[in-house]
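What follows is a short report on a single structure.
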Amino acid sequence: MTLDLSKPATAGYLSGFANEFATEALPGALPHGRNSPQRAPYGLYAEQLSGTAFTAPRGHNRRSWLYRIRPAAVHRPFEPYAGAQRLVSEFGDSADVPPTPPNQLRWDPLPMLVEPTDFVDGLVTMAGNGSAAAMNGCAIHLYAANRSMQDRFFYSADGELLIVPQQGRLFIATEFGRLDVEPFEIAVIPRGVRFAVALPDGDARGYICENFGALLRLPDLGPIGSNGLANPRDFLTPQAAYEDREGAFELIAKLNGRLWRADIGHSPLDVVAWHGNYAPYKYDLRLFNTIGSISFDHPDPSIFLVLQAQSDTPGVDTIDFVIFPPRWLAAEDTFRPPWFHRNVASEFMGLVHGAYDAKAEGFVPGGASLHNCMSGHGPDADTFEKASASDTTKPHKVDATMAFMFETRTLIRPTCYALDTAQLQADYFECWQGIKKHFNPEQK
């Protein structure tokens, strides 16, 4: 199977989360019974890609063996890349990261572009925490692009990329094979994996959480049982596919927050076969098995957890990826929208489609909001009044929506770009100013 981004993929996918996969684009390309034979089949080179330490416990160890036409070391020296100057990966006080205000923040979507711009040059960092160099925390980027990557390839050595398309499909060709991803789906590209992005629909826009720390995993289900939330079988990994092209290509690397470029005389997407458990994958958010109350109260939003990156503190994650999909609300005598809240964690939200049930106006697809540690947030005035008077004896379906949240245990620090951009809604605080005083000590 060879790569061709000019049309939709025809190959199927490998099902499962972090499975030990084995796949080959040519029969017999995978060595039998060993990883690095003296001579690999078809004159290929054996190369291991390690996503965790060699000595990580077996249940957490991630690596894959690639059998490729040329090793990844074959390229010219890197030099600084002049494009994509809006990326940040260190979130201490700096010229890129000003003091973090406690204000609630909300943004309109990035405008679609006029100048031809590909996925790499369309990246901008909105916020983040921690440090790429120290391998902890994350960066939250937006992307807006209108041109496919042409004879150039990209990888991040800083972290794995959780990509959430909002507008436009992405045809992602990786070293491991191809992922076709549309809005309502997500893709995860592991640290170090080289890839190119084609835009079959022209304009494309979306969100990225770049995870600097421990790899994303499925959460434990506890008393939910053995099934529910995001089921492992619904995660899809590409089958091996390759291209054998020579010419003048460009390889873009992201390391310690900086972009670097190198000339390369061939396509690096030349892996003919691979096996292992460190590989790209995608997931359709519409397959999420939503859990909720069928008696009273609105449970904590942890019931909407899709993926997590664990910390060294049990029960506390460095990153939670949470979605708010279509669902039935049936709790009686209950305020059904998300309640008013102050959180020790920090919450960055985005909207893929429709409307969010806690905000009647202002939060639109492609937009974003940030509620940092202990910043009060919750439904706007109009939503509160309507939900307080609604008939809760009848179930109600929240439909035609897909919101999500990147939640982190440490402060999410907005960049100078995020605080200075014209997309920042200066009047966001007004959505709560109309909340009425209902208190009456004489009436219970």
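Residue 1 is the first one shown; counting continues down the chain.
Using the three backbone atoms N, Cα and C, a Cβ is placed for every residue, glycine included.
Pulled from Swiss-Prot:
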type     : residues         : note
ACT_SITE : H298             : active site, proton acceptor
BINDING  : H341, E347, H377 : Fe cation binding site
BINDING  : Y356, H377       : homogentisate binding site
Alpha-carbon spacing, H377 (Fe cation binding site) to the residue listed as 'active site, proton acceptor', which is rounded to whole Å: 16
Around the Cβ of H377 (Fe cation binding site), the count of other Cβ atoms that are within 10 Å: 21
Whole-number Å value for how far Y356 (homogentisate binding site) lies from H341 (Fe cation binding site) (Cα to Cα): 16
H298 (active site, proton acceptor) to Y356 (homogentisate binding site) - Cα separation in whole Å: 15
In the chain carrying Y356 (homogentisate binding site), residues 6 or more apart in sequence that have Cβ under 8 angstroms from it: F324, M349, F363, T401, A403
